[in-house]
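Enquirer: Residues or ranges marked as domain 'THUMP' by Swiss-Prot: 63-167. Look at Swiss-Prot and you will find LEU185, MET186, LYS267, GLY289, GLN298 tagged as ATP binding site. The disulfide bond annotation in Swiss-Prot covers CYS346-CYS457 and rests on sequence analysis. According to Swiss-Prot, the feature domain 'Rhodanese' maps to 405-483. Annotation source Swiss-Prot lists active site, cysteine persulfide intermediate at CYS457, citing sequence analysis.
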Amino acid sequence: MKLIVKVFPEITIKSRPVRKRFIRQLGKNIRNVLKDLDPELAVDGVWDNLEVVTRVEDEKVQREMIERLTCTPGITHFLQVEEYPLGDFDDIVAKCKHHFGHLLAGKHFAVRCKRGGHHDFTSMDVDRYVGSQLRQQCGAAGIELKKPEVLVRIEIRDQRLYVIHNQHNGIGGYPLGALEQTLVLMSGGFDSTVAAYQMMRRGLMTHFCFFNLGGRAHELGVMEVAHYLWKKYGSSQRVLFISVPFEEVVGEILNKVDNSYMGVTLKRMMLRGAAHMADRLQIDALVTGEAISQVSSQTLPNLSIIDSATDKLVLRPLLASHKQDIIDQATEIGTADFAKHMPEYCGVISVNPTTHAKRHRMEHEEKQFDMAVLERALERAKFISIDHVIDELGKDIEIEEVAEALPGQIVIDIRHPDAQEDEPLVLEGIEVQAMPFYAINSKFKHLDPTRQYLLYCDKGVMSRLHAHHLLSEGHANVRVYRPT
């Protein structure tokens, strides 16, 4: 399979040295993303595109390659092509007939040729000749340029002919690793996950910072969605997941700060903490999922007071977004189900939160706060490589994995319903129950406690996360099913 990758248009208008650096980085990222599927993958580039060639013929693996590239920042779209030496017009007709002839009978079609290089003919000459011959030879109903039923697409580049089978859209943006890094404050909800995605899509390496307000289940949930975002959209680069224990900070706020200023104070403490982490990692910008006036702490006066807690640049990609638009994008990128079932901890709830915090009043309230509490929390922060968050879980609770299910055991398929439908898990003589990952924590308690359950997912990532959580909740009848 050969793919022609068209790079993000904004890359092509950069200076030659910058353009070469960005395209070289994109090529490196593509190799990183696909190397486990094809260690021999070839990636070569020219000024506005890259050619990706794999000798893997397994259609399932090819589909996985295509899926990963559609989620790789830096790619506008890519073409699935067959490549040939450029012959005369009749040879082009023969190649097009071979690939499209069976689709043209009784159909209205069009030919689109894109050409680059020095030739004694134009793209329009190719369109007319190939279209005329295909109409005569394939029994087509006619040529329709505006809304063709079948589109025959070819590219000619110097002395090479490319017959295009499919075009797959990418997410655009710059290649990860070509721009700067950011640190996103993650709660695991709709807003923070979409904000993180938008930074990654633009091409910024995005590390994750979670302030744990007192719930292990919440921490596991945020680990899970952060790992998902990285794996799907950013796995070409290694980033960190930082977890900061904020229980004492919350307690100090509840005891020392006036009720109306609790929410704003908590946000300021989080920004201070995130800025401290960013300094350690030499990161210049923080990212939050805040939108104007979505909640009381997000009015413009309050955001101004919150931002004054740090000199760091605070990016808010969702600032002017409507909530439904955010939810729609979360659904599109695959984080909505995580957000809907994310465990919540609401330890700081103001009865009458201020919507117009005053600077002098904020200074007064923070004077009551013992900053040593914040410093202790930051000292206990955990820095975990995002690809090792699953390994981290096994340090406090042993998670048993089995390669074979035994009669009497129940395998719970926790994959997304779409994956369950596409590739149903069928095990002879073994009961299999479908229970998506986002529902298992709430539904597991209703299962028969005398039975033994094996959690299954494709990679073993989500199954280990949820097995860890269930074991920590006291459910000893849980294992992970990892067939060989």
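In case you wondered, yes, glycine gets a Cβ from its N, Cα and C as well.
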Enquirer: Quick check on the recorded positions LEU185, MET186, CYS457: which one has the highest count of other Cβ atoms within 10 Å of its Cβ?
Expert: MET186
Enquirer: If I restrict to non-local contacts, at least six residues apart, and a C-beta distance under 8 angstroms, what lies near GLN298 (ATP binding site) in its own chain?
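Expert: Residues satisfying the criterion: GLU290, ALA291, ILE292.
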Enquirer: If H, G and I count as helix, E and B as strand, and all else as coil, what does DSSP give for LEU185 (ATP binding site)?
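Expert: Once the DSSP labels are grouped into three classes, LEU185 (ATP binding site) ends up as strand.
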Enquirer: Across the listed ATP-binding residues, LEU185, MET186, LYS267, GLY289, GLN298, what is the farthest Cα to Cα distance, given in whole Å?
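Expert: Greatest Cα separation within the listed binding residues comes to 16 Å.
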Enquirer: Does anything in the same chain, at least 6 positions from GLY289 (ATP binding site), have a Cβ under 8 Å from its Cβ, and if so what?
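Expert: For GLY289 (ATP binding site), the qualifying residues are VAL184, LEU185, SER187, GLY189, PHE190, ASP191, SER192, THR193, VAL194, ALA195, ALA196, ARG316, LEU318, ILE326.
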Enquirer: What counts of helix, strand and coil residues does DSSP assign across the domain 'Rhodanese' (405-483)?
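Expert: DSSP composition of the domain 'Rhodanese' (405-483): 28 helix, 16 strand, 35 coil.
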Enquirer: Would you count the other C-beta atoms found within 10 angstroms of the C-beta of LYS267 (ATP binding site) for me?
Expert: 22
Enquirer: For the C-alpha pair, I'd like the distance in angstrom between LYS267 (ATP binding site) and CYS457 (disulfide bond), rounded off.
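Expert: It is 36 Å, counting Cα to Cα.
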Enquirer: Can you grab the distance from CYS457 (disulfide bond) over to MET186 (ATP binding site)? Cα atoms, rounded to a whole Å.
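Expert: The Cα atom of CYS457 (disulfide bond) is 24 Å away from the Cα atom of MET186 (ATP binding site).
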Enquirer: Per DSSP, GLY289 (ATP binding site) is which: helix, strand or coil?
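Expert: Note: GLY289 (ATP binding site) is coil by DSSP, not helix or strand.
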